[in-house]
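Taken verbatim from Swiss-Prot:
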- C215: ubiquitin cross-link (CROSSLNK)
- S151: phosphoserine (MOD_RES)
- C215: cysteine sulfenic acid (-SOH) (MOD_RES)
- 219-225: motif 'KxHxx' (MOTIF)
- F115: site 'Required for the recognition of 25-hydroxycholesterol' (SITE)
- 1-28: topological domain 'Cytoplasmic' (TOPO_DOM)
- 52-70: topological domain 'Lumenal' (TOPO_DOM)
- 89-103: topological domain 'Cytoplasmic' (TOPO_DOM)
- 149-153: topological domain 'Cytoplasmic' (TOPO_DOM)
- 176-189: topological domain 'Lumenal' (TOPO_DOM)
- 208-225: topological domain 'Cytoplasmic' (TOPO_DOM)
- 29-51: transmembrane segment (TRANSMEM)
- 71-88: transmembrane segment (TRANSMEM)
- 104-126: transmembrane segment (TRANSMEM)
- 130-148: transmembrane segment (TRANSMEM)
- 154-175: transmembrane segment (TRANSMEM)
- 190-207: transmembrane segment (TRANSMEM)
Amino acid sequence: MAEGETKSPGPKKCGPYISSVTSQSVNLMIRGVVLFFIGVFLALVLNLLQIQRNVTLFPPDVIASIFSSAWWVPPCCGTASAVIGLLYPCIDRHLGEPHKFKREWSSVMRCVAVFVGINHASAKVDFDNNIQLSLTLAALSIGLWWTFDRSRSGFGLGVGIAFLATVVTQLLVYNGVYQYTSPDFLYVRSWLPCIFFAGGITMGNIGRQLAMYECKVIAEKSHQE
């Protein structure tokens with residue numbers, strides 16, 4: 001073999017770190033898309049429950065009533081759901097407190113069912129006054145957190161989400177960008193923060209479960225390599 005002859009370089013292989021980062025980025029995008037569509041679906045369902053207050057079940061215009069809100073509301077709810085669902089596991093990792101309480105899909109589905117039930121109660125049950133409605137929904141929302149979360153970070157994020165979402169919603173209403181069909185604006189404000197709090201806890205649980213599944217898949221792939 002001649003001295004000047006050099007071997008042609010073979011195909012470059014990505015290191016395990018680059019491969020892991022790429023895999024995590026793709027999984028993060030997939031989780032965001034899944035959370036977005038879950039948020040859009042829940043927004044449509046919960047909007048239907050609010051519209052159905054004091055109305056017979058499945059009226060003729062039920063399909064039209066699902067999309068009676070402003071067109072941009074479901075996408076905004078989906079975007080917020082994606083942000084919340086991705087934020088919860090990130091906060092857990094940052095605090096070094098991995099959430100391990102009731103980490104299975106059956107628990108997550110029960111949490112979603114309870115959240116829908118809380119929203120259904122706010123739409124269907126008649127209370128004597130708005131204070132009684134607020135206290136009842138607050139107790140139910142905190143009960144949802146205690147049953148399916150019990151983390152300090154989850155409670156803190158839920159309160160922050162409820163406060164921020166309520167303020168943004170009120171600003172939109174005051175500026176005429178969005179309006180409620182209910183003539184009793186005080187009634188709406190009495191249940192809105194509780195619904196946002198419960199929704200934040202619910203989407204956080206979904207996001208945590210998706211993140212835990214991603215960690216399992218990445219761990220299995222790295223073990224195989």
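Here the Cβ of each residue, glycine as well, is placed from N, Cα and C on the backbone.
Of the recorded ranges 104-126, 130-148, 154-175, the transmembrane segment (71-88) has the largest number of C-beta contacts under 8 angstroms with 154-175. With DSSP classes pooled into helix, strand and coil, the tally for the topological domain 'Cytoplasmic' (149-153) is 2 helix, 0 strand, 3 coil.
Against the transmembrane segment (154-175), stretch 190-207 shows more Cβ pairs under 8 Å than any other of 29-51, 104-126, 130-148, 190-207.
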